Amino acid sequence: MNKHASQPRAIYYVVALQIWEYFSFYGMRALLILYLTNQLKYNDTHAYELFSAYCSLVYVTPILGGFLADKVLGNRMAVMLGALLMAIGHVVLGASEIHPSFLYLSLAIIVCGYGLFKSNVSCLLGELYEPTDPRRDGGFSLMYAAGNVGSIIAPIACGYAQEEYSWAMGFGLAAVGMIAGLVIFLCGNRHFTHTRGVNKKVLRATNFLLPNWGWLLVLLVATPALITVLFWKEWSVYALIVATIIGLGVLAKIYRKAENQKQRKELRLIVTLTFFSMLFWAFAQQGGSSISLYIDRFVNRDMFGYTVPTAMFQSINAFAVMLCGVFLAWVVKESVAGNRTVRIWGKFALGLGLMSAGFCILTLSARWSAMYGHSSLPLMVLGLAVMGFAELFIDPVAMSQITRIEIPGVTGVLTGIYMLLSGAIANYLAGVIADQTSQASFDASGAINYSINAYIEVFDQITWGALACVGVVLMIWLYQALKFRNRALALES
């Protein structure tokens, strides 16, 4: 059989694991901001701070996770350990109604599991292809889109469980999903024998005071404890600063050690893509915070006599990603003609443009709410769907470029740095942006009145901010296109 005729068989086990990881992560994420404000009665500012701290630290730990996978564990073992930790974290989160301390501990455990899982699952997928394999981009688009099956089901299932039963039941479903994904992945273990395994030589060398696996176990226990303190003391911003400095230092070291100009050029492209990804996700991550509270407070959620739980709206974005992702992976064929860098920047411009359009629709929705008291459901659905479509032109493109780099032994670390900037820093910025909507007053009875004008202003500013990014990216695209054209003309002459 032609090796380029179809996707590798192992990809379907990775996709299955990704589906259930998305179910687990996004099921919990859909509930978290609502849990903090509606159940624990945090004010908006406090809720945004904890939510953005959690989402930021979730993307800090992939640097350590990528390092452990590159040097010790291998991508396969790192992914399995990460999935197990996330399942444990969701179980503990379900008990946070018993005592508030469980909230911080559970978020810390999930953060550690996510760090081992997130960057390394992409690298594991990259190991299934040769660097020049044309199926690579399609494989990443397929994984990204298929993973959103879990994102679609999770807010519906977890939102329904929370609404009809309890918050603990909603969070418990997220844990069940992660365990299911891990079991399926283990069933396909034989298809990953050619991927990198545990580096036993390194393990044997780390036996000072403790046996081989001792230090790894200490790390798995000590890291959640440390992150729990960061949440409790609200020191996460300091951890973010330290992680960013370390990440940029590692990136500079990789750049200096690059063997030729081609490798340095690839690194510069990755850095620039990461910057615009960071801005994109600072806008997109409003979906789990300010947009979620906007829907809860200002959108008419009645449909055929049933009030749709707010958490279920998180499925709209994922549904758009899945449908459009399958279309891009299997219907739209990637052209091998032309310059790859030019195509990359064209996709980024389209993604940022769609994000701007999505927030333009949300601005109209908020203005509708200001005039009539509540916004219409179809307008909200359209805005979230457009924003979901935009995602397909950002992360899959950047991740594919990272795994394509020809510097050995750095893909895990580079992916971790990408997650740090486009995830951790972006989520911190998203929290700062979301906090601009936390304007409220109290009436004579003591009830809280939330300001719709704050949402209008923030959504409108994001619309124009994303549009400005499109302008810059289009200039880069034009520069690269002209450069490629001039080079082609020079070769012809």
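Quick reminder: no glycine exception, Cβ is built from N, Cα and C everywhere.
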Per Swiss-Prot, TYR165 and TRP368 on one membrane face
yes
When counting C-beta pairs under 8 angstroms to the transmembrane segment (235-255), the leading stretch of 14-34, 49-69, 138-158, 312-332, 413-433 is 413-433
Cβ pairs under 8 Å with the transmembrane segment (413-433): which stretch of 14-34, 312-332, 344-364, 379-399, 462-482 has the most?
379-399
Does the transmembrane segment (379-399) make contact with the transmembrane segment (138-158) through 3 or more Cβ pairs under 8 Å, each pair 6 or more apart in sequence?
yes
Going by DSSP assignments with H, G and I as helix and E and B as strand, what are the residue counts for the topological domain 'Periplasmic' (159-166)?
6 helix, 0 strand, 2 coil
Contacting positions for the topological domain 'Periplasmic' (365-378) when only residues 6+ beyond its ends and CB under 8 Å are counted:
294, 298-301, 303, 308, 452-453, 455-456, 459
Output the single range from 138-158, 312-332, 462-482 maximising the number of Cβ pairs under 8 Å to the transmembrane segment (344-364).
462-482
